[in-house]
Amino acid sequence: MVSRLSLPGVVFSIFLISSSFPCQAQLCSNFYDSKCPNALATIRTAIRRAVSSERRMAASLIRLHFHDCFVQGCDASIMLDNSPSIDSEKFSFVNNNSIRGFEVIDGAKAQVESICPGVVSCADIAAVAARDASVAVGGPSWTVRLGRRDSTKASRSLADSNIPRATNSFSELIDLFSRKGLSERDMVALSGSHSIGQARCVTFRARIHDNSSDIDAGFASTRRRSCPSTSGNGDNNLAPLDLVTPNSLDNNYFRNLIQRRGLLQSDQVLFSGQSTDSIVTEYSRNPSLFSSDFAAAMLRMGDIEPLTGSQGEIRRVCSVVN
């Protein structure tokens with residue numbers, strides 16, 4: 001049973017499962033084995049260096065991949081800058097002044113281009129970077145399926161409507177994830193990435209100042225110190241999503257929810273008398289199960305509507321079409 005596996009055992013099991021089915025949805029784990037055999041090692045080195053320099057970057061890279069996949073599928077559309085033909089997703093309500101890590105992906109892309117020009121997509125680099133970021137902060141590994149191509153278009157409007165927000169209700173979150181073919185368990189597992197990273201005051205101000213019964217009073221008081229109640233005052237002040245182990249991808253996030261210490265409304269609704277309460281409880285008690293489910297959910301998310309074959313292109317620079 002998964003509950004009896006150690007974390008190394010879980011990671012090995014995930015590797016075996018993924019390796020047994022190397023191809024799915026036209027994506028294959030060995031896609032670059034002959035085309036660019038050093039691609040994954042090159043990306044891994046770049047991500048390790050970036051996370052070593054700033055631990056928060058691990059959360060940013062996982063989030064970047066997530067926000068990419070929820071708009072048009074995992075096609076690197078989120079990386080495109082504004083142009084006469086591109087309405088950049090970077091400036092959507094959820095992403096503007098919030099989404100990070102573009103320079104890390106750009107750096108990895110430049111290094112891969114230097115050894116294999118025009119072969120490895122930005123979308124694949126983002127998927128691999130998310131996995132390597134997880135590993136860098138003590139989270140699980142998984143075998144990434146590859147072969148995505150890059151979009152030649154972006155959609156700010158779809159980013160506004162498809163990406164979950166910090167203020168979403170439980171039913172809204174269920175709807176957003178189910179539209180992408182992801183289950184309630186996938187949703188809860190993926191939300192566990194909030195075990196790392198930080199949030200801006202503007203995203204949790206209402207939760208900590210409304211004296212709601214679903215937030216621990218001491219926790220709310222602590223968070224108010226750096227997040228004043230007045231809009232426009234300290235909007236960009238940061239707070240860790242997990243006060244206890246803010247730099248480790250672990251299951252402490254779920255313990256926080258049970259103690260009513262979820263920083264965002266969209267976190268706490270996962271443990272609020274809803275159908276996901278039991279999943280949160282499972283993960284709070286069983287770190288190996290969380291690790292296994294997180295890896296599996298990241299794989300499923302990475303398979304959302306990829307461009308393959310002759311679709312799209314392999315961008316030379318991630319921020320612009322060729």
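Cβ coordinates come from backbone N, Cα and C, glycine included.
Copied from TrEMBL, the annotated features are:
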ACT_SITE  H67  active site, proton acceptor
BINDING   D68, V71, G73, D75, S77, E89  Ca(2+) 1 binding site
BINDING   P164  substrate binding site
BINDING   H194  heme b binding site
BINDING   D242, T245, D250  Ca(2+) 2 binding site
DISULFID  C36-C116  disulfide bond
DISULFID  C69-C74  disulfide bond
DISULFID  C122-C318  disulfide bond
DISULFID  C201-C227  disulfide bond
DOMAIN    26-322  domain 'Plant heme peroxidase family profile'
SIGNAL    1-25  signal peptide
SITE      R63  site 'Transition state stabilizer'
Inset, instruction - Please compare the binding-site residues S77, T245 by how many other CB atoms fall within 10 Å of each one's CB, and tell me which has the fewest. - result: T245
Inset, instruction - Sort out the sequence-distant neighbours of the residue listed as 'heme b binding site' for me: same chain, 6+ apart, CB within less than 8 Å of its CB, listed by position. - result: L241, D242, Y253, L263, L264, D267
Inset, instruction - From the binding-site residues G73, S77, P164, T245, pick the residue whose C-alpha lies nearest to the C-alpha of R63 (site 'Transition state stabilizer'). - result: P164
Legend entry - Residues satisfying Cβ distance under 8 Å from the residue listed as 'substrate binding site', sequence separation of at least 6: F70, V94, E172, L173, L176, F177, S266
Inset, instruction - Starting from the Cβ centroid of D242, T245, D250, which together make up the recorded Ca(2+) 2 site, report each further residue of the same chain whose Cβ lies within 8 Å of that point, ordered by sequence. - result: S195, I196, V244, P246, N247, S248, L249, N251, N252, Y253
Inset, instruction - With an 8 Å cut-off on Cβ-Cβ distance and a minimum sequence separation of at least 6, pull the same-chain contacts of C227 (disulfide bond), or say none. - result: C201, F204, R205, I208, H209, G234, N237, A239
Legend entry - Which recorded positions sit within 10 Å of C74 (disulfide bond) - Cα, from H67, D68, E89, T245, D250: H67, D68
Inset, instruction - List nothing but the one residue from V71, C116, C122, C201, C318 whose Cβ has the fewest other Cβ atoms within 10 Å; the candidates are the recorded positions. - result: C116
Inset, instruction - Could you tally the C-beta atoms, other than its own, that fall within 10 angstroms of the C-beta of R63 (site 'Transition state stabilizer')? - result: 21
Inset, instruction - Please tell me which one of the recorded positions listed here (G73, C122, D250) sits closest to the residue listed as 'active site, proton acceptor', measuring Cα to Cα? - result: G73
Legend entry - Inter-residue C-alpha distance, D250 (Ca(2+) 2 binding site) and G73 (Ca(2+) 1 binding site) (nearest angstrom): 27
Inset, instruction - Give the residue from the binding-site residues D68, E89, D242, D250 that has the most other Cβ atoms within 10 Å of its Cβ, counting over every protein chain displayed. - result: D68
Legend entry - Of C36, C69, C74 (the disulfide-bonded residues), the residue whose Cβ has the fewest other Cβ atoms within 10 Å: C36
Legend entry - Mean of pLDDT values spanning the domain 'Plant heme peroxidase family profile' (26-322): 96
Inset, instruction - Using C-alpha atoms only, work out the spacing between D68 (Ca(2+) 1 binding site) and T245 (Ca(2+) 2 binding site) and round it to an integer in Å. - result: 26
